[in-house]
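Below are the C-alpha cells for one structure; questions will follow.
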Amino acid sequence: MENKTVIGFIGAGNMAYALIKGLLSDGFEAKNINVSDANLELLEKRSSELGVTTYSDNVSLLTNSDIVVFAVKPQVLSVVCHELKNKASSDQLFVSIVAGIKSKDINRWLGGDFALVRTMPNTPALFQSGVTGLFANELVNDTQKESVNLLLSAVGECFWVNEENLLDAITAISGSGPAYFFLMMQSMKQAAMALGLDEETADALSIKTSLGASIMATNSGKDSRTLRAEVTSPNGTTQSAIETFQDQNFEGIVAAATRAAYDRARELSQELGNID
Ligand SMILES: NC(=O)c1ccc[n+]([C@@H]2O[C@H](COP(=O)([O-])OP(=O)(O)OC[C@H]3O[C@@H](n4cnc5c(N)ncnc54)[C@H](OP(=O)(O)O)[C@@H]3O)[C@@H](O)[C@H]2O)c1
C-alpha cells in the first residue's frame, strides 16, 4: 500500500486499535490514519497514544480518507452507513470488519455501488495472532485487494474466499474457533485438578500444551492426523485417551457444533441485513 494512502477507521474500539497498532509497527505513518468515534474521550486517548488524526463526525472522516474501515458493532453499521449516504466518491474503497453484514446490504445503505471488502477477523487479532477471512466484491481491483491484505496482515494471516457465503463457514471455524479451544483448555484444566494438580499448574499445563501443539502443527510440515498418529504409541496412554474421545463421538460433536455456528451466522446475517 502506498504510504500516502489515507485509511480512516469509523469506530475507535478494540479492533480499530489492534489494526492501527499493527499498521504503525509495519511502518505506516500515523499522519495517514484517521479515526472517528461517538466516544470523544476514547478519541482523545487514541490521538495522544497513537498520534492519529481524529474526527468527531463520520462524514468528515469519509471526506478525508481513501479507504474507510467500518469498525463499529453490527447493530450500529446501518446508522453509520445512512450518515454517509450519497456522500462517498466512486473511487473510495470500503472495508468492513463487522461480523455478519453482507456487502450488498452495506452498499444499499450507502446508496451506491462501491468497491467493498468484507472481512471476518477473530479475537486473537487483538494480539497480532489472528486469522481473517476476506471477500472482495466485483468492484475491488487488484491494487485495492493488496492494500486490504496489508491492512489485515497487520493483525494476523489473511485467507481470501471468492464466494461471500464462505465467510459464514469462516465465522464457524476461525471466528468462533478461539472459544472452542478455550473450552478444551478449561476442560483439561478441570480434569488436571481432578487428578490432583493444583489450579495454577493445571491452568499452565492446559494453556502451554495447546500453544505447543499449535507450534508443532504450524512448524513441523505434517498434517494434524499424522502428528496425532506419531504421538499415539500402541497401547499407550494417548491411545487410551483418543479411543475414549472417539467412543464419545468427538469428531461428530465438533462437526455438529461448527454446523450450528454456521447456521446461526447465516440467520444473523439475514436478520441484520433486513434493516432498512
Ligand atoms: N473484537 C474482536 O476480536 C472482533 C473479531 C471479529 C470481528 N469483530 C468486529 O469488529 C467490530 C468492532 O468490534 P470492537 O470489538 O472493536 O468493538 P468496540 O470496541 O465496541 O468498538 C466500536 C466503537 O464504535 C463506537 N461507535 C458506536 N457508534 C458509533 C457511531 N455512530 N460512529 C462512530 N463510532 C461509533 C463505539 O463507541 P461506544 O462504545 O460509545 O458505543 C466503540 O468505541 C464489530 O462489528 C465486531 O463484529 C471484532
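Glycine too: its Cβ is placed from the backbone N, Cα and C atoms.
Reproduced below are the annotations present in TrEMBL:
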DOMAIN    7-100  domain 'Pyrroline-5-carboxylate reductase catalytic N-terminal'
BINDING   Ile10, Gly11, Ala12, Gly13, Asn14, Met15, Ala71, Val72, Lys73, Pro74  NADP(+) binding site
BINDING   Asn58  NADPH binding site
DOMAIN    164-268  domain 'Pyrroline-5-carboxylate reductase dimerisation'
What are the DSSP helix, strand and coil residue counts for the domain 'Pyrroline-5-carboxylate reductase catalytic N-terminal' (7-100)?
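Grouping H, G, I as helix and E, B as strand yields 43 helix, 19 strand, 32 coil.
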Could you break down the residues of the domain 'Pyrroline-5-carboxylate reductase dimerisation' (164-268) into DSSP helix, strand and coil, giving a count for each?
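The counts are 86 helix, 0 strand, 19 coil.
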At the Cα level, what's the spacing in Å between Ile10 (NADP(+) binding site) and Asn58 (NADPH binding site), rounded?
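Distance (Cα to Cα, whole Å): 7 Å.
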Whole-number Å distance between the CA of Ala71 (NADP(+) binding site) and the CA of the residue listed as 'NADPH binding site'?
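Between the Cα atoms of Ala71 (NADP(+) binding site) and the residue listed as 'NADPH binding site', the distance comes to 12 Å.
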Within the chain of the residue listed as 'NADPH binding site', which residues six or more apart in sequence place their C-beta under 8 angstroms from its C-beta?
Ile10, Ser36, Val80, Glu83, Leu84
Restricting to the same chain and to sequence separations of six or more, state which residues have a Cβ under 8 Å from that of Asn14 (NADP(+) binding site).
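Asn14 (NADP(+) binding site) has long-range Cβ partners Leu126.
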Which value does the mean pLDDT take for the domain 'Pyrroline-5-carboxylate reductase dimerisation' (164-268) in this predicted structure?
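When the pLDDT values over the domain 'Pyrroline-5-carboxylate reductase dimerisation' (164-268) are averaged, the result is 96.
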How many other Cβ atoms are found within 10 Å of the Cβ atom of Ile10 (NADP(+) binding site), counting all protein chains shown?
29
Among the binding-site residues Ala71, Lys73, which residue has the fewest other Cβ atoms within 10 Å of its own Cβ?
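Fewest other Cβ atoms within 10 Å, among the binding-site residues Ala71, Lys73, is found for Lys73.
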Non-local Cβ contacts of Ala12 (NADP(+) binding site) (under 8 Å, 6 or more apart, same chain)?
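Listed in sequence order: Val35, Ser36, Asp37, Asn39, Leu42, Leu43, Arg46, Thr54, Ala71.
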